[in-house]
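Taken verbatim from TrEMBL:
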type: ACT_SITE; residues: His401; note: active site
type: ACT_SITE; residues: Asp453; note: active site
type: ACT_SITE; residues: Glu462; note: active site
type: DOMAIN; residues: 24-474; note: domain 'Glycoside hydrolase family 9'
type: SIGNAL; residues: 1-20; note: signal peptide
Amino acid sequence: QMYRMKVCVCLILFFYLGTAQLDYRDALEKSILFFEGQRSGKLPPNQRLSWRGNSGAQDGSLAKVDLSGGYYDAGDNVKFNFPMAYTTTMLSWNTLEYGKRMDAQLQNARAAIRWATDYFLKCANAAPNKLFVGVGDPNADHKCWERPEDMDTVRSVYYVSPSNPGSDVAGEMAAALAAASLVFRSVDPVYSKKLLGNAVKVFRFAVQYRGSYSDSLGSAACPFYCSYSGYKDELYWGAAWLLRATNDISYLNLINTLGANDVPDLFSWDNKYAGAHVLMSRRSVVGNDNRFDSFKQHAEDFICKVLPNSPYTSTQYTKGGLLYKLPEENLQYVTSITSLLTTYAKYMATKKHTFNCGSLVVTEKTIRSVAKRQVDYILGNNPMKMSYMVGYGSNYPRRIHHRGSSLPSLAMHPQSFGCEAGFQPFYYTANPNPNILVGAIIGGPNQNDFFPDERTDYSHSEPATYINAAIVGPLAYFDSSKR
């Protein structure tokens, strides 16, 4: 009785907010447009966020190589390949699963993926026996508040090699290249083949020279994007993507030797197990291939840990219905987990598949309603009635922790700002940011559904590429289900 009451209360809390009409198509367009605000390198003529200019054009020159391009990961001016590659893998996966539902945005999604993969191809081929994995000294960069266009901090170049391995960053870069190769397979077969060939090469390096890039790079990786979960999950994830791209069964054999049967209750740029399980479950659920049944079981065990009314749940929800994992940048977990939920629901729908979490029967609709609640919360159906996507709706964060957005653009202020000159007038001010980083999803509210909209509160007000990459699929999913 008591348990049933808890379930009822939970469901009432879940849906008490009512549902304002949301425009998923508008949100989808903006979620992809955001990536143009994160671009590094020479911008193309069709750049739509026009307050951004060229930056980092000389990246790589300290090592006498060309590493221009790619993305700044969040509100800073550093290129970290570990989260950038995860971002690219997720953007590719979502484009692969939902491309047919994206209409006009499919081309923009491909352009966003290609901006990263062109850069990864440079990283993989710039010098023999080196895989370049980042540009810009994060410790120096974080002492400055300046536009990417004005950067005068040292653009240190980081790489892994046989003697200083990085199986995690290499495994993730291989996953990104393999996933992207599938996106381009029918529209640009030559480019697709190039991506896949490089994915195979980079993955071979990850497997042959095992070790964590955190150990090899030290303070250039930690505490920023330390590989806390180790590198096994990236080998697992990279192999899962190469299996999907090549159908070469040796990748399944490798996965089975990794002995990684962890079923975590989160999914992120650091921990890939849940994503790999959902990815491989497709062959069991949709393809009826019983060699993949264990991955289907792992995927369903993960979902049982996430659903709010499952007897096995280990996931907190706020009173407003938001999935709540960790206090810093919580929306990264919300979007990544939601992406897995909609994708698994999509697989289930093709075969009218159901499963059980104890006594709870889980259908595709069960999962979809939880996923939709998360997307709707982010877009404004929440206690603060605030959209956590910048530029979507009328009430959204105005003081995001993002250098380019918070400082006047080159058009407004052609003279450069020095390293520290931006702090007093633009970082520590209550004024709204002069440039709107359209589509950016920020770290989000705290466990009490509260968000102060303060630039200095970076763990809640900073956007990140990996938050956005994961929501592209769910937005396309819910947009097309409305039609």
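For all residues, glycine too, the Cβ spot is worked out from N, Cα and C.
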* **Spatial separation of His401 (active site) from Asp453 (active site) - C-alpha basis, Å** => 9
* Structure fact -> Whole-Å Cα distance, Glu462 (active site) to His401 (active site), is 5
* In the structure shown, which of the active-site residues His401, Asp453, Glu462 has the fewest other Cβ atoms within 10 Å? -> Asp453
* To do: Summarise the model's confidence over the domain 'Glycoside hydrolase family 9' (24-474) as a mean pLDDT value.
  => 97
